[in-house]
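Listed features, source TrEMBL:
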TRANSMEM  52-71  transmembrane segment
TRANSMEM  83-103  transmembrane segment
TRANSMEM  134-155  transmembrane segment
TRANSMEM  162-180  transmembrane segment
TRANSMEM  186-206  transmembrane segment
TRANSMEM  218-243  transmembrane segment
TRANSMEM  263-280  transmembrane segment
Amino acid sequence: MSTVDPCIAVNGAGLEYREFSCDYPLLEPLYFEFEKKYDPVPVLEWMRDHPIVPIVGVTAYAILIFGGQHAMRNKQAWNWRKLMALWNLSLSIFSWMGMFRTLPMLLHNLYYMSLRDNLCLDPRVTYGSGSSGLWVQLFILSKFPELVDTFFIVIHKKPLIFLHWYHHITVLLYCYHSYVTTSPPGIFFVVMNYSVHATMYGYYFLMAVKMRPKWFNPIWITVFQISQMVVGVAVTLAGFYYYKTDQTCGIEKENNTAAFVMYGSYLVLFLQFFFGRYFNKKGKAAKKQKLV
């Protein structure tokens, strides 16, 4: 008589998956029951049925930020630093939580699965359901409220650079498309972004409350961001390799191409920002100014 494995569950797509936390007795008590049993498929299917949502979102975002700049051109800057501090603190806490929920899953998969399987297998089975699936889904959805970052730049009349709004728009569009097309490499990008944002928003919070840590040089945030882009380019190149050499690989060419272009452009822009800010006279002067 066969016994039922309590670690195996079935999601709304009828696919079996193994709950990650079930394999680690020391970690399992740290996970809530609703996380372990979370089925992402209903929300995923709704998102798939409404592809207009991200388009409307980024269109409204572009209109509001540039319209807002125009409206503020002859007005004094607002002083909403306390609210901005709370906002940055909230995003930092959320990102730390997301990192601690998704990084163990990625490390587990990298240890027990080949690179090919990590980049090719259906994510609804490998990491997209259960506890890690919940935090991957929350990551995707968080790209909408993250647009509020720009609101604080506009009302405080700080420089709105191309890299900032381009990054927000393209990340939202790419993440939404990747999720609804069940792109296998997504967990790599999720973990990296959670990790960088955990530190970045935490630093922005401290800046907003005028408690900038003297021991921490903000250059490291940009270094972390550049490292993220390098890994992103490498992952997409590996994705192209498996797409070409393995017909059973679940990589979608269009999505992987978009990821390559996106991460490649980010790499160029962040390098440009890095050298312009930290390695020329104007950049060194700007570095002394307070961050938003």
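Heads up, the Cβ atoms here are built off N, Cα and C, so glycines get one too.
With a cut-off of 8 Å between Cβ atoms, the residues of this chain six or more beyond the transmembrane segment (263-280) that come close are 161-163, 166-167, 170, 219, 222-223, 225-226, 229-230, 232-233, 236, 286-287. Counted over residue pairs separated by six or more positions, the transmembrane segment (186-206) shares at least 3 Cβ pairs under 8 angstroms with the transmembrane segment (83-103), which defines the two as touching. Sequence-distant neighbours of the transmembrane segment (218-243) (same chain, 6+ residues past either end, Cβ-Cβ under 8 Å): 115-116, 119-120, 185, 188-189, 192-193, 195-196, 199-200, 203, 249, 251, 253, 256, 259-260, 262-264, 266-267, 270-271, 273-274, 277-278, 287, 291.
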